[in-house]
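Enquirer: Below: one structure in structure tokens.
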């Protein structure tokens, strides 16, 4: 069940949903607006001929910190990692979905490629996968609204929430845009 503004406020008051820093003015009818942090991860395209998710490629990306009062310029066709300004923490009976803002989508900004789901028990900055599909550069200002967080109540609390040892949660407590850690649990299944 998708939570309404009243339910979101109740979960925040109960401590089962937390955003830090939190601004009550960002609560919408069925979501909470989240803002863009000042850290970005850019791809070092000149260092690799390809990306291999089964291997550790530590220098595939580099962190860029945008100076105060300046934007990050995302050029047409570019893809970068960024993160929410807010640290988001979900209880074991809540899951989240991060969606883009309609106003930004109409300018050609995609907020996430595929990873918009947030598991129950997660706590940390949410990594954003930003793409510019427009024909002009897009100025990204730290602190601007970048997405909206929708919260869903599970039918029962998760038996093993994100962060428990069972799943080897690789991104729990992440600070800033975190590069892929797919290689840490790489596995392929037989094909026919």
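Using the three backbone atoms N, Cα and C, a Cβ is placed for every residue, glycine included.
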Enquirer: From the ranges 149-170, 171-192, grab the one Swiss-Prot calls region 'Disordered'.
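Expert: Here Swiss-Prot associates region 'Disordered' with the stretch 171-192.
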Enquirer: Look up residue 105 (dCTP binding site) in the DSSP assignment and report helix, strand or coil.
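Expert: Assignment for residue 105 (dCTP binding site) reads helix.
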Enquirer: Determine, to the nearest whole angstrom, how far the Cα atom of residue 105 (dCTP binding site) is from the Cα atom of residue 117 (site 'Important for bifunctional activity').
Expert: 18
Enquirer: Let me know how many other Cβ atoms fall within 10 Å of the Cβ of residue 116 (site 'Important for bifunctional activity').
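Expert: Excluding its own Cβ, residue 116 (site 'Important for bifunctional activity') sees 18 Cβ atoms within 10 Å.
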Enquirer: Roughly how many Å lie between the Cα atoms of residue 129 (active site, proton donor/acceptor) and residue 117 (site 'Important for bifunctional activity'), rounded to a whole value?
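Expert: If we compare the Cα positions of residue 129 (active site, proton donor/acceptor) and residue 117 (site 'Important for bifunctional activity'), the gap is 12 Å.
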Enquirer: Using DSSP with the three-state reduction, classify residue 116 (site 'Important for bifunctional activity') as helix, strand or coil.
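Expert: Assignment for residue 116 (site 'Important for bifunctional activity') reads coil.
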